[in-house]
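First comes the structure, then the notes that go with it.
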Amino acid sequence: MALFPAFADVSEASGDGAFRKELDWLSNPSFRVGNLTSLSRQTEEVTALASEGSPPPRYSFIRSPLKSELSGESNTSEKLAQTSRKKKKEKKKRRKHQHHRKTKRRHEQLSSSGSESDTEAGKDRASRSIRDDQKEAEKPCQGSNAAAAVAAAAGHRSIWLEDIHDLTDVFRTDKKPDPANWEYKSLYRGDIARYKRKGDSCLGINPKKQCISWEGASAAKKHSHRHLERYFTKKNVGLMRTEGIAVCSNPEPASSEPVTFIPVKDSAEAATPVTSWLNPLGIYDQSTTQWLQGQGPAEQESKQPDSQQDRENAALKARVEEFNRRVRENPWDTQLWMAFVAFQDEVMRSPGIYALGEGEQEKHRKSLKLLLEKKLAVLERAIESNPGSVELKLAKLQLCSEFWEPSALAKEWQKLLFLHPNNTSLWQRYLSFCQSQFGTFSVSKLHSLYGKCLSTLSAVKDGSMLSHPVLPGTEEAMFGLFLQQCHFLRQAGHSEKVISLFQAMVDFTFFKPDSVKELPTKVQVEFFEPFWDSGEPRVGEKGARGWRAWMHQQERGGWVLITPDEDDEEPEEEDQEIKDKTLPRWQIWLAVERSRDQRHWRPWRPDKTKKQTEEDCEDPERQVLFDDIGQSLIRLSSPDLQFQLIQAFLQFLGVPSGFLPPASCLYLAMDESSIFESELYDEKPLTYFNPSFSGISCVGSMEQLGRPRWTKGHNREGEEFVRNVFHLVLPLLAGKQKSQLSLSWLRYEIAKVIWCLHTKKKRLKSQGKSCKKLAKNLLKEPENRNNFCLWKQYAHLEWLLGNTEDARKVFDTALSMAGSSELKDRELCELSLLYAELEMELSPDSRGATTGRAVHILTRLTESSPYGPYTGQVSSTQVLKARKAYELALQDCLGQSCASSPAPAEALDCLGSLVRCFMLFQYLTVGIDAAVQIYGRVFAKLKGSARLEDPGPEDSTSSQSLTNVLEAVSMMHTSLLRFHMNVCVYPLAPLRETLSDALKLYPGNQVLWRAYVQIQNKSHSANKTRRFFDTVTRSAKHLEPWLFAIEAEKLRKKLVESVQRVGGREVHATIPETGLTHRIRALFENAIRSDKGNQCPLLWRMYLNFLVSLGNKERSKGVFYKALQSCPWAKVLYMDAMEYFPDELQEILDVMTEKELRVRLPLEELELLLED
């Protein structure tokens, strides 16, 4: 069938090409719409004749009428032109649409039908030839290029091969190359004809020996295998967080008759279903029956909550409304706003009450960004109501740190500090933030920032900054910031600046001239600069007199002639720094660097007696200028803070002074693993010598992680420096402070004796001799003759050296000097307690002769008569009198401590020592249960008074003292239980329970944690330990629970590995690893995610060491660079990385140099030393 039926017979009648050319009206631009009427009439006639069965007549068209119609406008077109333009446009659109549809249908018929009749095909070819002739007549210039024209039009319609005259023009040569053929080495897959194979066989191959694998998609339908989701996927984690549906039982009224058995109801006893015409089988429930009847549920049923989730949502909505009401009524309550912010976590964890539909709950619950935005919106509302609240602004900055850029966050910090320059907590947070930004960090920048902070706060404290008043606790906070700066410089390797800061602060605090005391701090610092640059000996140096003496000398005029001491020998220099040049280069660098850190921690100054100048210094970094320390000098007016300054200085020098940094910078300063050492405590649990370093190293110490921390002292020059500090500072103190400082000096020497006992026994004799000489010299001073603390340490020293009889003589002499003070003297109780404990630990048998000596000591303590040496067993009467005296003294102390709100200091001082002596006395005379009863009685009495949870600001001092007393008593309790377990058979459960209760109250006590980890390591039940650690870490703000939880898991892993090895070789265990490695890694990640753990160098060192021990080098590198993002100032991290990754030595040194950390041995100097 032709495309246009009106010209079907025309194509058959006319064979001439001229008619076909002129009748090609599809391409004739002169065709008009008026021809449509005549064409449609001819089509109707042809259709009518075809339906009657007669052959269609042949029409003969005359060319001239068609030409005239085509050359001029027809009457029909003129009539149509006079109609409205709107109808004309509509007809054109309709005609084009019909033409498009017919053309599309024609192409489909041509492409799909291959069995059309020859007659129809001839008609189609004739009509196409007529149209082609008409195009040739209209374009005579083209002539013989008809085939080219047809080929050009091939992009618009189909072309029959018979219509083309010259077959050579069918194909066209494209001379433009296709770069894709060269690039992909094959044709584009869209240009390759596709076909479908039927079957996978191939002719000509042997099916038994050969096979062809056809590429392409298989005809079989692929079934997607859905893997089961595990518990840690997002969907399942969300399900785990949802609240479980409460299951409520239906309790039946209890019968009075005794029940002999509990009957089990049978399902057959259930009520038989009721049948009806609607429910003939009785299988429909009530809801289905109502639906079949066209009814709905009852009104009361529809109003009831359909699930537990609805009730929870209703309760949660009520809490939200309550919070909104309360903050609307009390917009100035900042704590209420903070509680509202914390409440958003609970709202987002709940099954989203604000969800828009199903599935939205999980998205809302898991969307961290949505949670942060909600919290931020609440905080912004709170700040609008309280524009002066620093706490709310700090909370906002901490929240914005999750999704703000560091640069934007730093600008907000600076704006906040500009508005509140007198807020010390704000300064502390800002310094910690800047200290942990690796991109912008450098030692000099942060050092100047510390100086700016301290100088600004000094101006506020002096009143120079009139716009902002002084806040309470400013001086204590300034001292804490000063210590934080010193620890920062020590960890960065700049030990010389740390020592110079303490030297300047001691002179600025204790040797200040009277003429400048009333001046502002800034002016005092200006007067101090000439003294610092004068070359006068400073604190710790020989001949130091202080700032005041130098000022008097300047006012009198003249000069002081310094003569060299001829008795002193020259300082012994190291023979050579590199002892073995065959070692790898990184090992040599680490050894030399650590050696220089140990020897060169004091600032270098030119020796005028040797005519030295500043140019003689080989390392300019060892010289400290006044510009490096001037801004950090602060004024301390409190005597307690002045004494803490000396204690902190001695602690930096390695002296066990008992000083701990403030809580704000404690974990920033923690960088060594001495908190896990428990060897001495295991040997002697009662008389354990605790140096109380708390994981903080001293100056000049850059040791490897895991090496035991011994107080072995410094070299000769360093020891002389420490002695000079004591000699200069001791005359400045008096009373209890001087006694405590003398005790610290003696404990420092005893610690070196203990080091010699365990490592170098060759030096034990000389070290013991010098230590006894110091003790005797201190006791010879008039104010120390009755100092029982010094007598106690001297006797303990003799006992450690093995001189038991001499130690007993010292103890007896000290106790005979006490007189009749009885149980009211704390120092006397401590002396007697140590004496009795040493006697108990001397004999392995608790019922031996030494036990009688211990009972004698504790009994004579209660008597009013002077003390007498041990002569024999104590009588039962004396024991009963002593017990009665202890009871009365304990009741008296407890009554005084609990009666008044601020407990008296005298009662608190003697209470702890008295309870410990009484517990030991009861243990020796009755047993361990009696001692435990004393502990329980005291603990129950003082627990409510101590307010362990949250002491108020007005009674924080008294509560802290009571807490310290309880902590000391708890430690005595655990030590006594451990000692009893060593000498007798005793269950482990009481000790475990005691430690658990104590650690919940004192989560920062490292001694208790060490004992807990050790006893739990002997147990095979790890679940209780893990649950306990999880409970403490969730509630406590300290970092010690995390550290000891990791240590406990590492000990367990070490135990499992030791069992799986025989003779040093690994045994293929049949049991799995139990996931200890993943558990330890998860503990590390959770600890680092906390606020205090993120900036703790010790935690990062432990994490890096653990991953290296597993052999995963790439992951260890990632953790190292992650640690640098949080602690870029810690030099020990870089040195650990050099030991773990020797190939990265140059890169790590470049980073250290870029961040301005102290590098004492550049690689260039190392090469020169190796060449020599």
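Backbone N, Cα and C atoms are what each Cβ position is placed from, and that goes for glycine too.
For 71-83, the entry in Swiss-Prot reads compositional bias 'Polar residues'. The feature compositional bias 'Basic residues' is assigned by Swiss-Prot to 84-107. The compositional bias 'Basic and acidic residues' annotation in Swiss-Prot covers 120-139, 300-313. The region 'Disordered' feature in Swiss-Prot is assigned to 46-144, 292-313. Sequence annotations record features per position, and here Swiss-Prot assigns repeat 'HAT 1' to 314-346. The repeat 'HAT 2' annotation in Swiss-Prot covers 404-436. Summarising the annotation, Swiss-Prot assigns repeat 'HAT 5' to 1075-1109.
Shown for the repeat 'HAT 5' (1075-1109): DSSP residue counts in helix, strand and coil, namely 27 helix, 0 strand, 8 coil. DSSP assignment over the repeat 'HAT 1' (314-346) gives 29 helix, 0 strand, 4 coil. Assigned with DSSP, the residues of the repeat 'HAT 2' (404-436) fall into helix, strand and coil as follows: 26 helix, 0 strand, 7 coil.
Each residue in the repeat 'HAT 5' (1075-1109) has a pLDDT score, and their mean in this model is 93.
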